[in-house]
Structures are given as C-alpha cells and as structure tokens.
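Notes follow once the structure below has been shown.
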Amino acid sequence: MEALIQTKGLLSLPSNPKSKSLFNRPQQGLRQRFNLSNSIKPKSPNGFSLNLNTFTKFNALTITPQNSRTFHVCKASAAALPGGDDVESPKFMGVEVLTLKKIVPLGLMFFCILFNYTILRDTKDVLVVTAQGSSAEIIPFLKTWVNLPMAIGFMLLYTKLSNVLSKKALFYTVILPFIAFFGAFGFVFYPLSGYFHPTALADRLLEFLGPRFLGPLAILRIWSFCLFYVMAELWGSVVVSVLFWGFANQITTVEEAKKFYPLFGLGANVALIFSGRTVKYFSNMRKHLGPGVDGWAISLKYMMSIVVLMGFAICGLYWWVNTYVPLPTRSKKKKEKPNMTTMESLKFLASSPYIRDLATLVVAYGISINLVEVTWKSKLKAQFPSPNEYSSFMGDFSTATGITTFTMMLLSQWIFNKYGWGVAAKITPTVLLLTGIGFFSLILFGDPLGPGLMKFGITPLLAAVYVGAMQNIFSKSAKYSLFDPCKEMAYIPLDEDTKVKGKAAIDVVCNPLGKSGGALIQQFMILTFGSLANSTPYLGGILLLIVLAWLGAAKSLDTQFTALRREEEIEKEMERSAVKIPVVSSNEDENKSLESSPETSFPRES
C-alpha cells in the first residue's frame, strides 16, 4: 500500500528508501500504529517541528484496502539529495549564512541611523534652547504647534505614496530629502540665518505681548532652527521607526527577530557611544579657534558632513540587501487588503484593538518622557548657557546612554527567553516611573538638601542636572533595549497592509502626538500655576496615571500578540505538513483495521 501526504516541496524522500516496520503490536489501533514522531518529524525553517502524530489537525482520513499484507514506511527528510543525504543550509559559527546576510547589514544600517540620530538629537536641542531670545520653554510649543502638524502631514503623504510606489522607491523617496536638508543646513541655512531670521519683529512682538509669550515668539524668531528641530525629530520617527523597522520586519521572521533584534541593537548603541564622543570632540573645537570665529558654525559643518555620509551609507546597505538577500515567504492565508484612502486607513486602524494598544504604548511613552525631559533641559541651560558647553555635555550624555543601553541589551535576550514578551514590555514604564519620581522629588526638596550638597562641591542646580540626566539615561536605555524590540515584534504577525499603514499612523503620528500631549500638559500647567517648577507635584501625579494606562495596554497587547503568534505557527505548520510517504504492505493480519482504505491521505487545511 502507498499512503500519500501532499507536500509543497519542502520535504522529499530518498530514491531508495529503507523499510521500517511500522507496527510493533497487532493489538494497537490506527492512532497508535501511525506513531511517526521518531521516523517522520520534519523541521520547518523557523524551528517548529511538524507534529504528524495528531490526526485531529487534518480534515479527513481516507483509507483504502490493497492486496498487500505488511506495511513499511520510509524515513522522510527535508530537502534530501537524490542519494538520500539531508541538505542543510550553510552555517557560520552556528548561524545560517542567509540569516547573517540579513542581520549584519541590518545592524550596520541601525548603527548609521542611530549615529546620525544622536548627532541630530543633541544638535537640535542646542540650537533652539541656547539661541538668543529663546529658552527651554520653546520646546512644548514647538512640539505642539510645529512638530505635530508636520508629522501628520508626513503621515498623510506617506500613506498616499505607499499606495503608488514600490517599497524600494518609497524608501529612497523618503530618506533622500532628509540627507539633502541636513547638508544644506550646515553649509547654507545656519551661516545665513542672520539674514532671514525676523529678530526685530520678534522683539517688538515680545514687548507688546509680554514675557509669557517668549516660547511661541521664539519659534518665529529662529524659524530655521525650529525647522531643523522638526526634521531631526522626524528622523527618529520616520527613518528609525518606519523605514528601518518596517524593512527589518519585512525580511525577518519572528524567531529571527526574537534572537537578533536585541543583538544588533547592541551595535546600534555602540553608535551612541561613538556619536557622543564625536559631538563632544567637535563641540570642544571652540577652544582651539581664534577670537571672533564662530566655533559653533564650524562644529555644525563637520557634524552635518558626517550625517550626509552616513545617510548615503544607509542607502547603500539598503540597496545591497534588496539585491542579494531573498525575502522570506509569508503565510499565504493572510488576506491582501485593497488600497484605501487616507480616511479609510485611519478608520481601519481605529477599529483594531491591536493597533489601538500599540498606539497607547507609543503615546504613553512620549507623554511620560516629555513630562520629565523639558524640566530637565531648563535646568541644563541654566547650568551650561553656552552652545558649545551645552553640546559638550550632551555628548557625554549620549555616550553614557550608549554604554547603559549596551549593558541592558546584553540582558534583554535573557529577559525575552525567560520571561517572554509581556514582561519585557512592562519594564520600560516601570523604570520610567521610578526614576521620574526620584527626579521630581529632588526638584521639590532640593533647597533643604543644598547645604549638604555643597559639602561635596555640588550645587542643587548641578545635582538636578545629574539626576535628570540619570533619569533620561535609564529611561532611554530601557526604551532602546526592550520597548522598541517589543513594539516592532508586535507588528510582525500582522498582514502587510496593516503593517505598513499601521506603522505610519503609530510611529509618525502617535510618537509626536505623545510628545505634544506632554507639551500641552506643560503649557496648561505653565499658564495655570505660573511656571514648571510650581507644576512639579501635579506633573508627578499625571505621570503616575499615564504609566498605569501604559501597563494596562501592554497587558492587553500581550494577550493578543500571543494569540496571533499561535495562529500563525499553526498555519505555517499546516502548510508544511505535506509529506509524501510510500508505504509497502506485508502482513494482512496486522492491518485489518486498514482493510477498507487503499490510500491514507492527509489533506491540506482549506
């Protein structure tokens, strides 16, 4: 007799199979006789074994008699050679070469992207906070009234482009304008800023409206610096979250993501260390320049040149991966969704609890970190009023963030393996809450601690700067090592349409929405209580509520993510469960239970 299990070509048999007796006990029934767990247990490429010992996974079992008497089954092996030897994918240091061809370029891309982001993030703060006629109070107004509208506009444009451009064309169309702008800013916009900044108009408006409007008027006064600030923010939202993570999710499987996302993140945080040193080096160039030379302008030219070179390196790596690395096959059972208009896309995303929970995570992080960060930066400007001094401190800050994140990255894979996605997703809000409480407590009770701090040569202002820096370092480290990998893993089981438009809506809109939400809260507090310092107790209470909502969304998303992963694994297992098995009969007495069927067929799931 011959039993056939239909296959897709993943499994094949040797041309001259060796026979094995299938039945050891005549008394056993069909379920016990077909114990194929030892003889037939193919492995799928993602590491899941195909459990052929459970017949309930198949829709039907049809058996037909034949004149043979004894049954023998040959051993099925994956991708067997004609001679019967198994073919395994080539490996290097225990890792498949195909996987390395994905992970190594992705790690280098992430390195370059975060190297640029660190330089841009440190530079944008220096430009808008230390500029003449501006202060840290510009940040809440800038994030609300400039950054958020531009982010929404980009999301609408990106959604339209995603419907008409290929993925490759979309990547280049988005990233090249960033590279061009940052190069032009260092060599054109900043050197000529004195000619097109309306300083006199801003001064007259400030005299008329009063100092309460210093923040919004500063946006008009230094509009080109504010444009740089917004483009640097969008680099983090667009290039890091949408372009890079979208590409990574496209070419990796969930199992590869669990294993390698935290690992190539290590290389990215080496970028924080090196870029921090780069910022500090160029910020200290002023010490070696003659009098009357604008040291900050020279530093900007060097740093923006590096940003442009790294940008072209990112494009080159993207081209290489698309040219030489085959994309993994996704489950064909997922329905392809038609192209939708912008409003249809937003309605579709709003109707998904999964996407709403993801959006809650992103918005909650933005609000939480912003509630603490702006207050810290106001203390930072008071301690370091010079642009070069401010930038030099931010270089040290980025280096410390990179070292801390590198250490947490080493622990992240152990956390994922031992405790799973749910626990890893809850660590970041917990860390942010605890460190935020410490920072706000120092702001509230810093004056009574002043005499004790002076014994160590530290003023209360400098202590607030250091504690705020530690709060930001630990919070950002937890975000990079755990929050970001968790968020990106959650996209992988989704269909392509939800993945593309969901990432655009969440990462481009929800990320600045969270930050501008925190800014709106701060603006309300400033107008109500007079200053951020007077608002500190209330900001702490709001932080507690936001983090509790964050933890609730993480718990809900954990349940949905686990269910989607289980469904995807079952679908892939069923698609690969087609194994052709020649069966030769030898003993009629042993196989009376098969007398009514000539063929055993395990049909594929419909």
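Just so it is clear, glycine is given a Cβ too, placed from its N, Cα and C backbone atoms.
Unlike curated records, TrEMBL annotations are generated automatically.
Here is what TrEMBL records for this protein:
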type     : residues : note
REGION   : 581-606  : region 'Disordered'
TRANSMEM : 103-120  : transmembrane segment
TRANSMEM : 140-158  : transmembrane segment
TRANSMEM : 170-189  : transmembrane segment
TRANSMEM : 226-248  : transmembrane segment
TRANSMEM : 260-279  : transmembrane segment
TRANSMEM : 300-321  : transmembrane segment
TRANSMEM : 397-415  : transmembrane segment
TRANSMEM : 427-446  : transmembrane segment
TRANSMEM : 453-474  : transmembrane segment
TRANSMEM : 538-557  : transmembrane segment
So what's near the transmembrane segment (170-189) in sequence-distant terms, Cβ-Cβ under 8 Å and 6+ beyond its ends? 120, 158, 161-162, 224, 228, 231, 234-235, 238-239, 242-243, 247, 300-301, 303-305, 307-308, 311-312, 314-315, 318
Looking at the stretches 103-120, 226-248, 397-415, 453-474, which one shares the most CB pairs under 8 Å with the transmembrane segment (140-158)? 226-248
Residues of the parent chain within Cβ reach of the transmembrane segment (538-557), under 8 Å, 6 or more residues beyond its termini: 353-354, 357-358, 360-361, 364-365, 367-368, 371-372, 375, 422, 425-426, 429-430, 432-433, 436-437, 440, 490, 521-522, 525, 529, 532
Do at least three C-beta pairs under 8 angstroms join the transmembrane segment (397-415) to the transmembrane segment (453-474), pairs 6 or more apart in sequence? yes
Positions on the same chain near the transmembrane segment (103-120), where near means CB under 8 A and six or more residues out: 95, 182, 231-232, 235-236, 239-240, 244, 247-248, 251-252, 256, 260, 263-265, 267-272, 274-276, 278-279, 303, 306-307, 310-311, 313-314, 317-318, 320-321, 325, 398, 402
